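Enquirer: Input: one structure, supplied below.
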Ligand code: SAM
């Protein structure tokens with residue numbers, strides 16, 4: 001099923017969470033000289049025009065990048081991401097928004113490798129065109145082209161991942177960001193991660209996911225917690241209370257396997273800020289939880305709302321794996337009981353943990369003992385099955401594939417004036 005176009009959702013709150021985390025992961029990878037491979041299993045078009053007919057249809061960027069654009073009080077880590085977006089908008093006007101491949105291109109070094117997969121025929125073409133232009137621009141600036149630095153394939157990212165693991169340098173950052181149009185995507189993500197971890201247990205795998213009422217979504221993070229990665233980190237951002245009709249996307253998460261130790265402190269710094277700026281009502285909140293393979297249960301959990309994670313919908317009831325209980329994997333020793341000392345929110349809005357300093361140091365110390373760093377289609381398909389037709393922001397593909405004028409990024413749905421002549425209308429296969 002290939003009717004999902006990310007152009008309708010570009011720059012929304014879920015993109016902000018995803019791309020902010022992606023920037024942090026690249027920064028961590030860049031701390032070591034050894035080159036790494038960035039693998040994007042579901043790349044999208046790479047660049048999106050926020051003034052395009054696609055993006056303006058529901059103006060989802062107003063829930064994400066929009067309110068952050070002119071802020072002068074950004075936490076430094078968030079500013080790194082915002083500055084990257086601003087870098088592609090030199091006029092200062094918020095016009096283009098980067099997809100994950102563009103973020104990766106900006107954040108990686110000449111010696112790193114990008115392996116990008118996209119199945120949609122129009123978006124994979126646009127993606128390739130964007131990179132061709134970017135390479136041409138770099139060549140004009142005198143940058144030496146690195147032959148196989150970026151490889152773009154129109155193909156199934158789920159199927160293609162295993163062939164790339166382990167990467168030659170034994171360092172990789174993998175982003176898995178499917179449309180979740182069909183519930184099978186949840187299963188595929190788990191299966192592909194299982195296989196990927198078998199081939200390359202030390203890779204950093206980051207998965208974006210929507211938090212919806214549907215069972216697959218509610219149980220998803222809990223299922224990922226049981227994968228055979230040494231550690232996991234789960235962060236969710238909710239911007240508003242879901243309506244009773246289940247329409248729209250109010251909440252999403254990033255689940256990271258083998259997370260860098262630097263990430264959690266940065267999330268703790270930035271997530272309360274995102275809730276403050278992007279939150280629409282009292283349902284706005286965040287959760288940061290971390291655990292190890294041994295229990296699958298959170299060993300540390302912080303939320304904006306108080307003592308315990310507030311599940312979305314009836315997740316706790318529906319998911320036998322949620323909560324603080326320790327489950328054991330076959331063949332594993334009984335784990336020590338996870339400490340359940342809660343974190344509470346102080347009146348000034350800061351998160352204050354009831355955990356003592358020594359205990360906190362233990363919880364947030366690295367495994368190696370070192371201290372942590374401070375820290376469209378005619379009948380539109382919804383990305384999320386909870387959305388109903390007509391609420392996903394999809395629209396006729398007429399303008400899809402519009403090409404940018406020379407030197408400008410290509411963006412799906414970009415208006416002619418801004419992005420050059422649109423190609424003749426094409427019917428989706
Ligand atoms: N990662 C992108 C970003 O952050 O800018 C957005 C990706 S979008 C959410 C998901 C993309 O996956 C869509 O462009 C869709 O066409 C593509 N897609 C769907 N199934 C796929 C598959 N099996 N393999 C590769 N791409 C797929």
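Backbone N, Cα and C define each Cβ position, glycine as well.
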Enquirer: Let me know which member of 19, 26, 137 TrEMBL also records as binding S-adenosyl-L-methionine at the site of 42, 100, 118, 156, 157, 177.
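Expert: Candidate in the recorded S-adenosyl-L-methionine site: 19.
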Enquirer: What three-state secondary structure does DSSP assign to residue 118 (S-adenosyl-L-methionine binding site)?
Expert: strand
Enquirer: So how far apart do the S-adenosyl-L-methionine binders 19, 42, 100, 118, 156, 157, 177 get, largest Cα to Cα in Å?
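Expert: Spelled out: the longest distance between any two Cα atoms in 19, 42, 100, 118, 156, 157, 177 is 22 Å.
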Enquirer: Work out how many Å separate residue 100 (S-adenosyl-L-methionine binding site) and residue 4 (site 'Interaction with substrate rRNA') at their Cα atoms, rounded off.
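Expert: On Cα coordinates alone, these residues lie 16 Å apart.
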Enquirer: Fill in the CA-CA distance, residue 118 (S-adenosyl-L-methionine binding site) to residue 4 (site 'Interaction with substrate rRNA'), as an integer in Å.
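Expert: Cα of residue 118 (S-adenosyl-L-methionine binding site) to Cα of residue 4 (site 'Interaction with substrate rRNA') measures 12 Å after rounding.
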Enquirer: When DSSP states are folded down to helix, strand and coil, where does residue 177 (S-adenosyl-L-methionine binding site) land?
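Expert: Looking at the DSSP assignment, residue 177 (S-adenosyl-L-methionine binding site) belongs to neither helix nor strand, so coil.
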